[in-house]
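Annotated in Swiss-Prot:
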- Cys154: active site, nucleophile (ACT_SITE)
- Arg11, Ile12, Asn317: NAD(+) binding site (BINDING)
- Ser153, Cys154, Thr155, Arg199, Thr212, Lys213, Arg235: substrate binding site (BINDING)
- His181: site 'Activates thiol group during catalysis' (SITE)
Amino acid sequence: MIRVAINGYGRIGRSILRALYESGKRQQIQIVAINELAKPEAIIHLTQYDTTHGRFQPRVKLVDDQMLIGDDVIKILHEPDPAKLPWREMDIDIVYEATGAILDRNSCEAHILAGAKQVLISHPSSADVDGTIVYGVNQDLLRAEHTVVSNASCTTNCIVPVIDVLDKHFGVKSGAITTIHSAMNDQQVIDAYHDDLRRTRAAGQSIIPVDTKLARGIERILPHMKDKFEAISVRVPTINVTAIDLSVTLDKTVDIATVNQVLELAANGRFNGILGYTDEPLVSCDFNHDPRSSIIDGTQTRVSAGQLVKLLLWCDNEWGFANRMLDTSLAMIAAKQS
């Protein structure tokens, strides 16, 4: 049994906990502790009730600063300094670092000094970590000596498996990406101050361009794609599910049917459970709570002049990513034991 702790219990932290119980991986992973500065009553309430993902079916109780889920007991901590967390006494194998604020190796080492054996960051990190993993593509690079690993981003997890499939079958010369991302909690409900002037504006009233490092994230996973991609991102007034508009120029000449067939076969084969494929007339909310990293919308595939291909990809940017956090942590332990 892998003993884990969650540091930072926001959207991703709570999704990880809920995904653990829904995915069937509870027999492999035990959440021992949650470190979150919010009040315990709010922690319990937001675990039980969620506007996006609905009510959590197991009954959640608060007893003496402990979260009870059935027979499981999870200690709730409120320690702002990771170096002071009781990971050694709790025998923590992996910390899910989900604050969104601790993103480099040096900061994550505080968890290691506190006694955790490994750290998995739920965010793109600095380049000094031991590895950045997109599960399904490069988890085989994990090694026993790796202590600090990044799970990349939700959009990197969405797009990299698709690029990998296209490149292996047709060769990818270059690409351009537009991420159409749901609003996030770094935006404002009504106009208010923010360092990014566009994010001073009400999230529910505008389509808001934001900076993205997605192209650099692709390069980190697929180094041979360096300088081949550029990306932009806009936030839209929905609370969950993201679409990615991917355009790639291929080495080979293709048609729509060939591209869709290759992607559908990959979704049903090597990337089963990671990629999905649909030719139904669906909309974003139909992918809410979908555990896969990416779903290709075959109805929107387009080919121009035989080599320019446009795809539409969907992902639940919370739930799919949370499920990959679980998968990557299991792969980290497997590598450590090999």
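Using N, Cα and C of the backbone, Cβ positions are placed for all residues, glycine too.
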Can you list the residues of the same chain, besides Arg11, Ile12, Asn317, whose Cβ falls within 8 Å of the NAD(+) site's Cβ centroid?
Gly10, Ser15, Ser122, Cys154, Met184, Glu318, Phe321, Ala322
Got a sec? Which of these binding-site residues, Thr212, Asn317, has the most Cβ atoms within 10 Å?
Asn317
DSSP three-state call for Cys154 (active site, nucleophile): helix, strand or coil?
helix
Sparsest-packed among the binding-site residues, when each Cβ's other Cβ atoms within 10 Å are tallied, from Ser153, Thr155:
Ser153
Only counting partners 6 or more residues apart, tell me which same-chain residues put their Cβ under 8 Å from the Cβ of Arg11 (NAD(+) binding site).
Asn185, Glu318
Report the same-chain neighbours of His181 (site 'Activates thiol group during catalysis'): residues 6+ apart in sequence with Cβ closer than 8 Å to its Cβ, ordered by sequence.
Thr155, Val210, Ser233, Val234, Arg235, Val236, Thr242, Asn317
Residues Arg11, Ile12, Asn317 [recorded NAD(+) binders]: greatest CA to CA distance in Å:
10
Which one of the binding-site residues (Arg199, Lys213, Arg235) has its C-beta surrounded by the most other C-beta atoms within 10 angstroms?
Arg235
Under DSSP, is His181 (site 'Activates thiol group during catalysis') helix, strand or coil?
strand
Length of the line joining the Cα atoms of Thr212 (substrate binding site) and the residue listed as 'active site, nucleophile', in Å:
12
When you measure from the Cβ of the residue listed as 'active site, nucleophile', which residues in the chain that are at least 6 apart have a Cβ under 8 Å away?
Thr242, Cys315, Asn317, Glu318, Gly320, Phe321
Taking only same-chain residues 6+ apart in sequence, whose CB is under 8 Å from that of Ile12 (NAD(+) binding site), what do you get?
Ala98, Gly100, Ser122, Glu318, Phe321, Ala322, Met325
Considering each pair of residues in Ser153, Cys154, Thr155, Arg199, Thr212, Lys213, Arg235, all listed as binding substrate, report the largest CA to CA distance in Å, no decimals.
20
